[in-house]
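Taken verbatim from TrEMBL:
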ACT_SITE  Glu108  active site, proton acceptor
ACT_SITE  Cys359  active site, S-methylcysteine intermediate
BINDING   Cys128, Cys132, Cys135  [4Fe-4S] cluster binding site
BINDING   Gly183, Glu184, Ser217, Ser240, Leu241, His242, Asn316  S-adenosyl-L-methionine binding site
DOMAIN    114-354  domain 'Radical SAM core'
REGION    1-20  region 'Disordered'
Amino acid sequence: MPKPGELTFVAPRGAKPPRHLADLSPAERKEAVAELGEQPFRAKQLSNHYFGRMSNDPASWTDIPAASREKLTESLLPELMKVVRHVSCDDDATRKTLWRLFDGTLVESVLMRYPDRVTMCISSQAGCGMNCPFCATGQAGLTRNLSTAEIVEQIAAGMRDLKTGEVPGGEARLSNVVFMGMGEPLANYNRVLASIRRLTDPAPDGFGLSQRGITVSTVGLVPAMHRFADEGLSCRLALSLHAPDDELRDELVPVNTRWKVAEVLDAAWNYAEKSGRRISIEYALIKDINDQAWRADLLGRLIKGKRVHVNLIPLNPTPGSKWTASRPEDEREFVRRLQAHGVPTTVRDTRGQEIDGACGQLAAAG
Ligand code: SAH
């Protein structure tokens, strides 16, 4: 929760985040620079600093004359967000950042270090309109979409802090990005897609991260899933299924009343085929709600033989929730039954629990 005084400035409702270099494609950057009366090649120089060198300190960009630098910085590199605070746990291997955006909106990102990789979990919207009853973010509704640059800056800031060794644990490189923070990424489609381009375009156009290291997680917006499949990307798609039957899924993931389990799975298989990537099925195990052995069998029958992997997430109870995580023996049986159908299944580790940085807990604005 914000502390008193943290929300000092609130922009008028509906005001747009300022334009930023990371909102723009390489061609748009050239145009924007030319409109400022600067040589178009300055766009490449800016990109080289921001994306290639991961620098956000224009004072060090000495290949650009000071006067131009000031003009370009003012118009293309506004400060989009301020760190309200970082909170760490898991022996400093997990760091959650609370950001305040230009209009006072609060969003969060989480950086997780593992022995072999570094993953950032980022937000695509402030709040979320999908209303899943077990998710903390869903309870407060949608505040607004984040701009492309507001999405990118969460990662850019994490990469800069990793590079300078500011994140506990020493210097490292970011390898994975998951759109599993606040918001439904496919409900903010164009901006999320543009952010993926900024992250994965080779430097200096973008950060040059591997598409394979990026996971977009969705409640199952079927038309957007089809559109995403046609983008020709090799990102991973995670589908938040949480129930194999429409009756229960209608309750746990309300958008299921619009697009049913069968349709959502079809859209997922289409993505798997076009991208060549396994679908990751997300399933939060909720005690006595969706963790029965028969539901494991039903799920197994629905997805066996497909290019798929199941990620079981022990439910993180949200404050005041009537639901809790499954009993260990039920969790084990659920895993066993899926595996008996030949479905690769893992139980996700729940990083960041004590700093409210775990799945579905990113509720700073709530
Ligand atoms: N809107 C997207 C991405 C954000 S949530 C989506 O729903 O996929 C990322 C994952 O965390 C989703 O699978 C979501 O269902 C899950 N999640 C949300 N709240 C949770 C909770 N309290 N416990 C466990 N998982 C949760």
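Note that Cβ sites are derived from N, Cα and C of the backbone, with glycine treated the same way.
Structure coloured by features recorded in TrEMBL.
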residue	record	CB count, 10 Å
Glu108	active site, proton acceptor	26
Cys128	[4Fe-4S] cluster binding site	27
Cys132	[4Fe-4S] cluster binding site	22
Cys135	[4Fe-4S] cluster binding site	25
Gly183	S-adenosyl-L-methionine binding site	28
Glu184	S-adenosyl-L-methionine binding site	27
Ser217	S-adenosyl-L-methionine binding site	22
Leu241	S-adenosyl-L-methionine binding site	27
His242	S-adenosyl-L-methionine binding site	25
Asn316	S-adenosyl-L-methionine binding site	21
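A gap of 16 Å separates the Cα atoms of Glu108 (active site, proton acceptor) and Ser217 (S-adenosyl-L-methionine binding site). Here the Cα atom of Glu184 (S-adenosyl-L-methionine binding site) is found 12 Å from that of Cys135 ([4Fe-4S] cluster binding site). Using a 10 Å Cα-Cα cut-off around Cys128 ([4Fe-4S] cluster binding site), the binding-site residues Ser217, Ser240, Leu241, His242, Asn316 reduce to an empty set.
Ser240 (S-adenosyl-L-methionine binding site) has a Cβ environment of 27 other Cβ atoms inside 10 Å. Between the CA atoms of Asn316 (S-adenosyl-L-methionine binding site) and Cys135 ([4Fe-4S] cluster binding site) there is a gap of 9 Å, rounded to the nearest whole number. In this structure, the C-alpha atom of Leu241 (S-adenosyl-L-methionine binding site) lies 11 angstrom from that of Cys132 ([4Fe-4S] cluster binding site). Geometry remark: Cys132 ([4Fe-4S] cluster binding site) versus His242 (S-adenosyl-L-methionine binding site), CA distance 10 Å.
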